[in-house]
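**Q** Just dropping this structure here.
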Amino acid sequence: MIVISIVFMAVAVSKIYLPVFSVLRVNSSYEYLEMRFSPAIRSLASIMFVMDEMFFLPIVLYVPSIAFNQVTGINVHVISTVICIICVIYTILGGIKAVVHTDAWQILVMFVSVMVVVTIGCFKAGSIGDVFQTASEGGRLIFADINPSMYQRQTLWGVLIGGFFYWTSFNAVNQTMVQRYMSLPSLRKAQWSIFIFTIGIIAFISVCCFAGLLVYEFYTKCDPMSAGLITHDDQLLPVFVMQTVGHYYGVPGLFIAGVFGAALSSLSVVLNSTALVMLEDIVKGCLRLKLTERSSTILVKGCILILGVVAVALVFVLEQLSGILSVATSVTAIAAGTTCGLFTLGMLVPWSNSIGALVGAIAGACISGWISFGSQIAFANGYVTPHKLEISVEDCPGNVTMPDNVYIDESDVFPLHRLSFHWINPIGVLTTVLVGTIVSFISGPTVLKKLDAELISPVLHRYLPKECFPPSSITNEMTRENTATHLLNDGRGKGGSETGESSDNSGKY
């Protein structure tokens with residue numbers, strides 16, 4: 001059902017957020033916040049982005065490590081260290097060009113590997129109809145759970161609403177995505193890239209969900225966790241691959257290559273974009289330091305190296321948590337929700353001001369962090385337990401007993417710490433926007449007639465006073481001539497050596 005949210009996300013990103021970035025021709029998405037509000041807001045968002053990506057990096061490392069561990073038995077921490085070293089080396093040496101070229105091949109291998117595993121697995125299962133029939137009989141096909149409770153982990157409302165906010169937060173304003181949009185020669189092509197991305201991700205998620213049904217069909221009568229085949233639920237797909245198609249030459253290697261491709265593609269772009277944000281938005285934007293090209297190069301490469309070390313260290317922490325999907329969504333939702341709330345406040349609430357944005361961001365970050373970390377602590381201490389669907393061990397070899405699902409009374413747990421992880425991001429976004437709007441009105445709203453219309457999303461232009469549109473203004477739509485070359489060579493037209501360095505470094509890194 002998440003694919004429905006992704007479709008709406010694509011429309012929102014291409015019509016609300018992307019046109020603003022294309023007109024302003026920003027090198028970093030966080031430049032917008034300085035233009036709309038103040039340098040302090042830009043610095044705050046940049047720091048939150050760096051923290052968000054630092055939490056995300058170990059997740060990207062851990063996923064391929066457990067898959068490789070399941071196939072070879074090599075220690076997870078050895079694998080994660082090797083992966084990180086390889087990625088850091090080619091990211092430092094090749095910059096954004098290496099990231100783009102390797103991304104293309106890595107994603108191709110990822111698609112091919114999953115399709116091969118699913119195709120062979122489906123053939124061994126008998127037919128697609130058999131897979132869906134088994135899943136239906138086992139209560140695994142749940143499409144319309146309209147339970148309004150926000151405490152239930154998966155519901156229709158949680159997936160649709162939470163999924164929309166989560167995917168929009170990441171794909172609308174995150175620097176890892178904006179730098180890709182801005183590398184294209186025109187606004188229309190950037191919008192087409194979102195369309196292609198949407199089709200691709202819908203196809204890939206659908207295949208992954210079907211792979212999950214294949215796993216269930218294979219282990220219907222013998223739960224691998226109860227049988228001792230695995231110790232974490234994140235190992236389900238790797239053990240399925242080894243037991244079903246592992247005897248086919250090359251297939252386990254292809255599967256591992258696909259997992260590694262997905263991880264390396266995410267890891268390299270996060271390292272690159274995070275280092276660039278630290279240079280452009282924190283060192284040059286926040287600290288106002290003027291660096292030579294050589295100093296900028298050393299700083300960026302040093303940041304990439306440090307981020308790699310931090311990622312490897314945080315894998316030890318992640319290993320103690322259960323359920324990568326919920327952990328990733330919970331942790332990254334803190335910064336993603338608050339940052340998206342800031343951009344939404346700036347682009348869709350014309351009267352908002354810098355004071356409202358600052359207070360709104362702090363409120364959004366605090367409430368999101370409180371919910372996210374509180375939920376993880378409650379889960380780790382056993383105050384909150386996941387309610388699992390029924391499993392069977394009747395065909396397991398040996399004497400395997402059914403685990404007892406003992407659910408404790410959670411009514412004494414603080415309500416916000418019991419929320420499904422789907423709701424963390426929407427709460428962060430809405431808190432930032434609502435608090436920012438209210439505080440802006442209290443502290444003195446922005447005078448609309450003095451507002452630059454280019455800073456507001458075009459969906460609201462018809463409602464703005466005519467003073468917001470200077471008659472001498474010339475369209476700045478992103479085109480090959482005025483944007484692609486501009487991003488690589490000319491900066492944003494402010495003049496001075498700092499702008500030249502900023503743009504030059506942007507093109508290089």
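Here the Cβ of each residue, glycine as well, is placed from N, Cα and C on the backbone.
Grabbed the feature section from TrEMBL, which reads as follows:
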{"type": "TRANSMEM", "residues": "6-24", "note": "transmembrane segment"}
{"type": "TRANSMEM", "residues": "44-68", "note": "transmembrane segment"}
{"type": "TRANSMEM", "residues": "74-93", "note": "transmembrane segment"}
{"type": "TRANSMEM", "residues": "105-126", "note": "transmembrane segment"}
{"type": "TRANSMEM", "residues": "155-173", "note": "transmembrane segment"}
{"type": "TRANSMEM", "residues": "194-216", "note": "transmembrane segment"}
{"type": "TRANSMEM", "residues": "254-277", "note": "transmembrane segment"}
{"type": "TRANSMEM", "residues": "298-318", "note": "transmembrane segment"}
{"type": "TRANSMEM", "residues": "324-348", "note": "transmembrane segment"}
{"type": "TRANSMEM", "residues": "355-379", "note": "transmembrane segment"}
{"type": "TRANSMEM", "residues": "423-442", "note": "transmembrane segment"}
{"type": "REGION", "residues": "486-509", "note": "region 'Disordered'"}
{"type": "COMPBIAS", "residues": "499-509", "note": "compositional bias 'Polar residues'"}
**Q** When each of 74-93, 105-126, 155-173, 254-277, 423-442 is checked against the transmembrane segment (355-379) for Cβ pairs under 8 Å, which one has the most?
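**A** Answer is 423-442, with the largest number of Cβ pairs below 8 Å.
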**Q** Can you work out whether the transmembrane segment (105-126) touches the transmembrane segment (423-442), with the criterion being 3+ CB pairs under 8 Å where the paired residues are 6 or more apart along the chain?
**A** no
**Q** When you check the transmembrane segment (74-93) against the transmembrane segment (194-216), do you get at least 3 Cβ pairs under 8 Å, counting only pairs 6 or more apart in sequence?
**A** no
